Each structure stands twice: as structure tokens, then as C-alpha cells.
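Engineer: Summarising the annotation, Swiss-Prot assigns active site to Cys102, Glu164 and lists similarity to another entry as the type of evidence. Positions annotated as substrate binding site by Swiss-Prot, on the basis of similarity to another entry: Lys49, Arg86, Lys90, Ser103. The feature Mg(2+) binding site is assigned by Swiss-Prot to His53, His66, Glu162, Glu164, with similarity to another entry given as support. What Swiss-Prot records for 64-212 is domain 'Nudix hydrolase', and it gives sequence analysis as the kind of evidence.
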Amino acid sequence: MSMPNIVPPAEVRTEGLSLEEYDEEQVRLMEERCILVNPDDVAYGEASKKTCHLMSNINAPKDLLHRAFSVFLFRPSDGALLLQRRADEKITFPGMWTNTCCSHPLSIKGEVKEENQIGVRRAASRKLEHELGVPTSSTPPDSFTYLTRIHYLAPSDGLWGEHEIDYILFSTTPTEHTGNPNEVSDTRYVTKPELQAMFEDESNSFTPWFKLIARDFLFGWWDQLLARRNEKGEVDAKSLEDLSDNKVWKM
């Protein structure tokens, strides 16, 4: 499959765009370098987070696509899922409920490595600490169970959006968390019925990737996680390793 037709440097697409109205720290993070991929998830370059999230670069004919991940952290004792509500300071999808942690591996040493999704796993550990205060020492790369990848496109508003190949990672690592208020406005552990009730409540808003993953994958995996409790009665993400695949699901 052919790669997107990008005229380097991609940053020319952001000339003249002022970010003065946004939170200073979130603007700084927009300069992080994301990994550009084609629809087969073959990496071919890098661009700033700002460049990657502008709808003018996401829409055809530019079709800019980058690599991402979504972590689903379950409490071992009862299999409840940790949700976060994105801070209002976020530039994309502010104030929305989503899965435990969603972000991007960066084009830096250690996170570009693809074997066994090691770069994505390292990025997940880094962002769990940044967003939720979970020490990286408690979430080593092998603590995550990789399940699949999805390819989706979703606008946030007229200016910003997402176009990602998103790696889905489950974890049942026992841990405490403290939300970074610049990233997270609320957290909540929910059971499967509680999450289903949240989806039915129109007063709640959810990120598009979380809704897509829940619709097509999450609840089936969750059922399996609960059904495969260990001898202590605890859930273990490692029990789902046989459900992983090498596909990229176009959503």
C-alpha cells in the first residue's frame, strides 16, 4: 500500500497558526515529535504533534497518519476498569471521558523500536506516570498485554482531530494513581455494567477512539478477562495473550 504524499517538512502546514488561546503546557507538548506511518503501520518519518493533529493535514489529499496507543488498566481484585476524564486544558477532545491513558510513542530513542511493540510499551509506561502519577518502575514494558491495532479518523472540532493507528494495551498491574490536573480532571473505576450505563447517559461525552474500541472489542475482551480469573480470583491481562493479532482494523 502506498504511503501518504507528504511534502517535507510537514511543519509548513502550521505556518501562521496561533496557539495563544490554549494552555501553555499543552502548547509545549504540541512540539513533541510523533511517528508518521502509512496505513500498514510502516514508519517513514516524524512530525510535530501539532502538525499531526491539524485537520488540514489529516484530511485528503495529505492523509497524515501517526502511531498511538490506548491503555486499559483493570483492577486485579475485581476487574474494574480505570477511566479518566480529560482535562479542560487539553487541546483535543477536552473534558471527555476515555480509557485509562491514550497518547503517542515519540520519535525518540527507545520508543521507535517496533519488535514486540517495545517502543509503544515504553511510551505507555512514560505517559501513565505523566498523566496519572503511576511510577514507571511499576509498569515495565512486559506488564502490558498487546491485543491489536485500530486505524481511525476523528475530528475534534473544525481545526483539530485524530488520525491514528492505535495500539491497544491491557494491564492489570496493581498500582495507585494521582491525576495530573493539566491532563486529567477526574478518574473513576467502573465495572462493565457501570460503563454501559455511562454510555447510555447522554450527559456524558466520550472520546471517539474509546467509543469505537468499546463498540467492537472492549466488552468481549472484558468478558474473557473476567472469565479467566486466576486461582486467587484475580484478573490477569496476561491470560488474554492468545487473543492478540497482527491486524490493523480500519474503523
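Using N, Cα and C of the backbone, Cβ positions are placed for all residues, glycine too.
Just so it is clear, the model here is predicted, and its values are computed rather than measured.
In terms of burial and nearby residues, how do these features look in this structure?
Structural biologist: Within 10 Å of the C-beta atom of Cys102 (active site) sit 24 other C-beta atoms, taking all shown protein chains into account. Under the three-state DSSP scheme, Cys102 (active site) falls in the strand class.
Of all Cβ atoms in the protein chains displayed, 26 besides its own lie within 10 Å of the Cβ of Glu164 (active site).
The DSSP secondary structure for Lys49 (substrate binding site) is helix.
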Engineer: With DSSP helix as H/G/I and strand as E/B, how many residues of the domain 'Nudix hydrolase' (64-212) fall in helix, strand and coil?
Structural biologist: 38 helix, 52 strand, 59 coil
Engineer: In whole Å, note down how far the CA of Cys102 (active site) lies from the CA of Lys90 (substrate binding site).
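Structural biologist: Lys90 (substrate binding site) and Cys102 (active site) have their Cα atoms 12 Å apart.
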Engineer: Given the recorded positions Arg86, Cys102, Ser103, Glu164, find the one whose Cα is closest in space to the Cα of His53 (Mg(2+) binding site).
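Structural biologist: Among Arg86, Cys102, Ser103, Glu164, Glu164.
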